[in-house]
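Features reported for this protein in TrEMBL:
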- 1-24: signal peptide (SIGNAL)
- 84-165: domain 'PA' (DOMAIN)
- 194-215: transmembrane segment (TRANSMEM)
- 247-267: transmembrane segment (TRANSMEM)
- 273-304: transmembrane segment (TRANSMEM)
- 316-340: transmembrane segment (TRANSMEM)
- 346-366: transmembrane segment (TRANSMEM)
- 373-391: transmembrane segment (TRANSMEM)
- 428-450: transmembrane segment (TRANSMEM)
- 462-481: transmembrane segment (TRANSMEM)
- 493-510: transmembrane segment (TRANSMEM)
Amino acid sequence: MVSHGASTYTVASMFLLSFTLVLSGDIVHHDDVAPTRPGCTNNFVLVKVPTYVDGVENSEYVGVGARFGPTLESKEKRANHTRVVLADPPDCCSKPKNKLTSEIILVHRGKCSFTTKANIADDAGASAIIIINNQTELFKMVCEVNETDVNIGIPAVMLPQDAGINLERHIKNNSIVSIQLYSPHRPLVDVAEVFLWLMAVGTILCASYWSAWTAREAAIEQEKLLKDGSDEYANTDNVGSSGYVEISTAAAILFVLFASCFLVMLYELMSYLFVEILVVLFCIGGIEGLQTCLVALLSCFRWFQHAAQTFVKIPFFGVVPYLALAVTPFCIVFAVIWAVYRRESYAWIGQDILGITLIITVLQIVRIPNLKVGTVLLSCAFLYDIFWVFVSKWWFHESVMIVVARGDKSGEDGIPMLLKIPRLFDPWGGYSIIGFGDILLPGLLVAFSLRYDWLAKRNLRAGYFLWAMTAYGVGLFITYVALNLMDGHGQPALLYIVPFTLGTFLSLGMKRGELKILWTRGEPEWACPHIQEDQQPINH
């Protein structure tokens with residue numbers, strides 16, 4: 001049994017840290033602000049720049065292609081090894097003093113425009129131009145509004161400052177430096193997205209059945225107490241005894257407001273230290289989630305049932321099963337090991353295990369009492385998702401949700417409140433991710449549908465769960481289709497999931513004439529037939 005204090009913490013932290021975003025890494029960057037015209041219409045693509053010093057393979061850098069000039073090869077085997085020379089003058093704002101014979105010219109950002117540099121390098125006989133940025137990040141090279149000569153015949157690539165300085169140092173040491181320039185295409189669909197889809201659907205499926213099973217067991221227990229004429233039922237506090245918390249309409253609205261404030265705080269205070277605090281919070285929640293799931297799983301085996309049904313009272317935590325005490329050290333060690341090695345390539349496995357168990361635990365603890373609360377919650381989350389992914393660009397000049405999810409300016413590879421899987425067949429690597437909120441929030445509605453079906457004694461075909469679960473799967477699938485159509489640019493998953501899940505539920509309830517019951521009552525009137533009509537429901 002989850003202790004009351006611990007479950008309150010888990011619910012509060014989980015809802016505040018529920019990000020709602022599907023992301024697979026921005027490889028092709030569209031830009032609607034920079035001017036476009038004939039000769040200046042390229043997408044901003046990342047460019048691989050493997051280097052060779054005196055014929056020996058050296059570092060590989062990543063640059064970004066310009067809006068202008070010809071596009072680059074997509075295959076490494078087709079990209080030529082070409083020698084790199086320094087520009088003289090370094091900014092290439094005037095004709096180079098050195099004679100070029102199809103070399104790649106390396107220049108610094110200077111007083112003239114990017115297209116001016118490229119035109120001068122083209123006229124001087126260079127085969128390509130690499131521009132070193134004055135910062136350790138990439139910059140989009142565009143055409144100026146008043147420029148007319150943008151018919152450039154060589155590709156232009158920008159490198160970050162540190163990469164450019166390394167190349168310049170080798171050349172100044174009289175080494176022969178050659179490079180390749182190519183921009184590989186991403187696969188249309190990566191297997192990581194398939195696994196993420198399965199993980200999300202599987203998590204909701206497991207959580208829904210667990211939630212429905214506990215609800216049915218509680219209903220049977222209440223029915224037995226009523227049959228025995230016991231006063232225990234009337235004196236029982238539902239929240240304490242059943243271990244779950246029901247969301248109200250006001251709480252659903254407040255969730256979106258608090259989540260928005262927390263998101264802005266993350267955006268404004270994003271730093272290495274702040275991410276470390278989030279890691280600690282995630283580990284605490286993950287420990288409880290893993291502990292709860294392990295206890296429930298082990299309790300199914302005969303050897304552990306006695307330990308699961310024997311309790312000890314611990315200060316602050318309350319009454320705790322001996323089995324929970326036994327598995328807690330393992331859960332703590334697991335979370336600590338993940339936190340220490342979370343930057344390793346394999347750390348996503350531990351993050352996903354902690355995240356999935358935490359989501360399942362929250363879906364077991366938190367419930368929506370009726371369709372009305374579910375509609376309010378998902379409608380608010382729908383608007384929240386759209387606002388912070390798309391609309392926030394108008395105020396903050398960048399998508400707040402995407403910046404926070406990626407952990408920009410924090411020195412970390414994203415925040416921990418996400419499920420992630422490495423992109424296995426993507427030449428650019430990276431991860432496909434999905435926010436906890438994209439599973440948790442629709443999962444509340446799906447779990448409600450199965451509890452309703454079981455208490456109403458409906459089979460799958462006549463109930464609502466099968467339709468709600470299918471709608472979630474289709475909505476998430478459409479999300480990934482949109483993600484790939486947008487070249488990996490982060491998508492607000494609830495934009496697609498909410499209309500499918502909530503729309504299906506509402507439409508089906510209306511068609512069956514049960515919408516009023518679903519809207520106002522979380523439990524069918526016929527679920528507990530022995531409850532007398534004058535029995536007053538217990539306030540939660």
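Just so it is clear, glycine is given a Cβ too, placed from its N, Cα and C backbone atoms.
The list of residues near the transmembrane segment (194-215) in space but at least 6 beyond its ends in sequence, with Cβ under 8 angstroms from a Cβ of it, reads 242, 244, 296, 352, 356, 359-360, 363-364, 367, 419, 421, 432-434, 438-439, 442-443, 446-447, 449-451, 453-455, 465, 469, 472-473, 476-477, 480. Contact count against the transmembrane segment (247-267) (Cβ pairs under 8 Å) is highest for 373-391, out of 273-304, 346-366, 373-391, 428-450, 493-510. Looking at which of 273-304, 373-391, 428-450, 493-510 has the most CB pairs under 8 Å to the transmembrane segment (346-366), the answer is the stretch 273-304. Among the listed stretches 273-304, 373-391, 493-510, the one sharing the most Cβ pairs under 8 Å with the transmembrane segment (428-450) is 493-510.
Only residues 6 or more beyond the boundaries of the transmembrane segment (373-391), in the same chain, are considered here, and those with a CB under 8 A from a CB of the stretch are 20-21, 247-249, 252-253, 255-256, 259-260, 263, 399-402, 437, 441-442, 444-445, 448, 490-495, 498-499, 501-502, 505-506.
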